[in-house]
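Pulled from Swiss-Prot:
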type: TRANSMEM; residues: 5-25; note: transmembrane segment
type: TRANSMEM; residues: 38-58; note: transmembrane segment
type: TRANSMEM; residues: 74-94; note: transmembrane segment
type: TRANSMEM; residues: 111-131; note: transmembrane segment
type: TRANSMEM; residues: 145-165; note: transmembrane segment
type: TRANSMEM; residues: 185-205; note: transmembrane segment
type: DOMAIN; residues: 215-462; note: domain 'CN hydrolase'
type: ACT_SITE; residues: LYS318; note: active site
type: ACT_SITE; residues: CYS369; note: active site, nucleophile
type: TRANSMEM; residues: 469-489; note: transmembrane segment
Amino acid sequence: MGLTVAPFAAWFLAWIALAPLWIFVVSSKRKNYPPSSLLLLGLTWGIGYHGVALFWITGIHPMDWLGVPWWPSLAITIFCWSFISFYGGLFGAIWAACLTHISEQKSWLRILIGTAMWCVLESLWSAGPLWWSSLAYTQSPHNLAILHLGQISGPNLVTAAIVSVNGIVAEAWLNRKQGLLGRYLAIATGLLITLHLIGFGLYTAPIAKSSDTALKVGIVQGNIPNKIKLLPQGLSRAITGYTDGYLTLVNQGVEAVLTPEGALPFFQRNLPTTPLVSAVREKGVVAWIGAFGDRGRSYTNSLFTVNSQGEITSRYDKSKLVPLGEYIPFEGIIGGLVQRLSPLDEHQVHGSPNQIFDTPFGRAIVGICYESAFPEVFRSQAAAGGQFILSSSNDAHYSAAMPFQHHAQDIMRAIETDRWSARATNTGYSAFVDPHGRTLWISGYNTYETHAETIYRRQTQNLYVRWGDWFTPLLVGLSFLGWSLNIFWRNDANANSKLR
């Protein structure tokens, strides 16, 4: 499963990669294997998936830009990668343990409950601080048709589609001796085609464009390496690069300019004196600037709206911080084992949930870096009236696979919310994406670039934006109903056999 995402992008394997685990767990339970071996199967599968998919985190080594020596840097990197791989492995172990308890149920009920359990676990994991590798993102950016199921009930519906097809394929193998292999494979194929046809129907829906909703946005990709970002030459390069980029885009007729996360590593109180804000006052074109917000003795990672008069009129604070990077989860337990990777000495804090970000062009949906992995951050802002997406990221810490996976996450958020998206990063990949997930333009990697594109403000409210993930509770309810009916039928059959 880990090969389905960048840099391998074998997305089609996702439709069969879970089936072997399903088969091994069910067949091993029937052979009375010890429970520990079944848990180990799930743990191994989970570590394999998340470990391969998130191998890009090893790109943080060497951390000489933080002054960390080579060997300690390697130790920290190995710990971080091992920790997130094991954390993902726990997901697989829990799911495998649940599957063992229904291994004696009928195939249709096993598929229903197995799919529901996976969706519930993804909901729980995504509600926590450490999340990235939903099964749904294995299909992005290549399988745009199936990703449109996200407009109905979010990424969990895409995940349910993948798990259910894998389950039917697995049950085909488990029931092959009963001569049911062909029947199950036909059902799996039919379901796969039907789901893609539904998604394709949504994918081909026309996108309304009008001059009244058009907004020409420019992005500046500063390409400031982390090694120099906070050094004098890095600060000078950032100030010059973003100011010159802003002026270049203004000359191209943009109405607003978006910069990456932490583009100017200054606090809000110092922003008005920067050359970039001075240029905004002079040219009268709005800028969205990534910088740091003040919050008492702490700070936030923020995006600011600077209006045509050079005034800061709105602020969005990053609410999902990077574990082991921007803060230490379970700090009381592991805080002494891992040094903080953030280059700043002050204590970074989470932004509040349910923020709104008003701009001179209407309300926007904002995601800063790691937040792209959390669909609810975007859905809630769309439900609150957000009309377009502004994604601001750094992505300079890791290997090239990470920013491409990050772009894939932003594509999913654009599809789910039915919004146009402008994405500005420090080193790549910056991009513009339409509501169908089509990339209109994408930058190079480790390059300085500016680009302008016209996006459109939208106020549509699809099922997912309006109701959130309603499918997972429905799936759980159907599973409970199926379980209850199965018990009733079994008891009824036993009673009838006694009467005879």
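Cβ from N, Cα, C; glycine included.
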Have a look around LYS318 (active site) and count the other CB atoms within 10 A of its CB, chains all included. 28
What is the number of other Cβ atoms found within 10 Å of the Cβ of the residue listed as 'active site, nucleophile'? 26
Distance, LYS318 (active site) to CYS369 (active site, nucleophile) (CA atoms, angstrom): 8
With the transmembrane segment (469-489) as the reference, find which of 5-25, 111-131, 185-205 contributes the most Cβ pairs under 8 Å. 111-131
Integer mean pLDDT for the domain 'CN hydrolase' (215-462): 92
Does DSSP give the residue listed as 'active site, nucleophile' helix, strand or coil? helix
